[in-house]
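**Student:** Just passing along the structure, written as structure tokens.
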């Protein structure tokens, strides 16, 4: 957590005054007046009227600064107000109280669930009542034979069987007949004739058709008239008018029948009546009522829907992330880099791409980024755990991003292209994913010969004589000469060439730096600039006078990636240019205006070539650097490291930097850490660290001054560190006895070729090219110089040189044994090592077989 909350502020305090107050502590702890960027966010909360609510949030870039602010400012005073400073909590923290919107949303959710339950209970009760009423009607019909006969008579002929009309049986009817009767009974609610018949049944349940009725008595005329009226056939005109109006015709004449524009079908639709199973009628009035109810429900549900639209649905976001595996980050720090997000998200899984959006006009960040995971489930886990968490003093907001647009061709489109075009496209696609490089300073052999020929003032054909057998040696020596000139030029421009030999992983490469190789001799700096400038602003474009290689540095990462993907293996002046990403921090000084390249034709014309002043400046700088090298003994490599052990586990890199930056020549200080297995996104100190200085003398002076001092209660111990990456590898290349081994030698190379190649760098003592039993070369050779210094010079000058198309690899060889006993001891060690390796291989190879044998023996028993 790197965000703090400050309570109890004066109501009149402004944000600049609050930042100035907290910057005082940062200036003291960091011992510098430039503390810009350490406070990433500062906000005083205000009400609707614009008045301060007397508390604020302050975001720090480092967690250590936030903890220091809490310990230092908590309980202190600003003017006359006592403030409380504490670590802020994120929205995902369960201890944070819920907002009013969340409370309203939960209350609406509870009401909705309650309404659904009540509606379900009501529907269940209605179903029970309907079933009971149907059962009662069926029972009444079964009891009364006259009513049953009447219903059977009123059925359509298609629904009544012929034998049912002739014979009457007392057996129960089939399930199908019962369903038909039930339908007729339900329709009685709408049919007035059947409804009146049922009402008649209730009035004379005790009457019987078997008894005769007398009509002769005049006294009983009135009673007989009443009974006759009941037994008469009822005409439709005598039915109540109310039922007809309610069932068929509307209450008011809408005039639709007189309207000629309305068709017959539209008029029928307006008069259509639908009968439900429970006997309810649905016409115009019922439809309007339903529409009114639906409109009321929609009007009541509008606030809830608005709240749901304002708050993103987490389930929908997770479903989208599961499809794309891509996250959208916003509210990030404008100075955040891709490496910061790689460290944050890499613990959750493999990352395919991390992209920070950059404004191409200014080169500054836009404040949002994209992270693409290899597996979508890992992206979902990162979204759940990191959304609304504090990162670099700000609340990180993560959303589900759309799927990345892919403009690549599919296999079907590739098959329709020529084979040559297919190979070019595949090479371009694989160039950005390449994790290795054969030779960083690779140069086109034709360009090398052209450069040497132009420098000597001869024709290129004169350097290579087809009748001479040592043409390959001449070409290798010419390449060595050009490589030496290129090295000197890059060193004067502040390029650290040792970084190129230590590239082991893609994470060590910088997307902004591109090495341009394999372009023809005669290519100018302006022509390369026109090739790269359309993709973005160039901070550097370094091209040696030899004109065989160049280094391009873009202002932002996005421009470098775009240029690399579009220009890799592009045809340029009849050749294919090779691009390679350079290492990080390969420049030791800032870029000058002369090295930059802008998209301006007039300016580019003025910068056609290096002026005499530039050449004199480069020569003078070289002389001053040579004098400095003579005065100060700088170890092999750009810096000298000091190993510090017995550090307190609470000591941070910032505290170590504050302790050692007062010494001259200080470069950087770092405490080695490891991931915390208990808490994700946190690290633990390993109890030791490293401090780098520019020279060995400065490092030894610091060791004598600081060795044995106490930091955070621990007495530290200091000593020089021998790094395997830079210094260690350079020390191994020192030939103590003047003998070196040359590997990757072409099989066509002879002893004479090797002798002529190395003879120009010193006096040779012996040259040996081992051969097989068929007298063919084994691919390596031994070269021994009289002086060890000459051997080191040859290894340095011939580094990266090609002989007959193969790059030579040189290493110091072991010194020959002084006597037979030493030779026997070496052979014994070698045999022991080979025996141990073969024994381990046999054990691993036979482990599975022994397991199978044991299983077979167990089965026998």
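Every residue, even glycine, has its Cβ placed from backbone N, Cα and C.
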**Student:** Between 35-65, 66-96, 97-127, 283-313, which stretch does Swiss-Prot give the note region 'Disordered'?
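**Tutor:** Of the candidate stretches, Swiss-Prot labels 283-313 as region 'Disordered'.
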**Student:** Examine the ranges 551-592, 593-634, 635-676, 677-718 and name the one recorded by Swiss-Prot as region 'Disordered'.
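**Tutor:** Based on what Swiss-Prot states, region 'Disordered' spans 593-634.
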**Student:** Can you say which of 2-90, 512-584, 640-723, 738-815 has the most Cβ pairs under 8 Å with the domain 'RRM 2' (325-403)?
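**Tutor:** Selected stretch: 2-90, with the most Cβ pairs under 8 Å.
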**Student:** Per DSSP, how many helix, strand and coil residues does the domain 'RRM 5' (738-815) have?
**Tutor:** 19 helix, 25 strand, 34 coil
**Student:** Across the whole of the domain 'RRM 2' (325-403), what does the mean pLDDT come to? Round it, please.
**Tutor:** 88
**Student:** In the domain 'RRM 4' (640-723), how many residues does DSSP assign to helix, to strand and to coil?
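**Tutor:** Tallying H, G and I as helix, E and B as strand, the rest coil: 19 helix, 36 strand, 29 coil.
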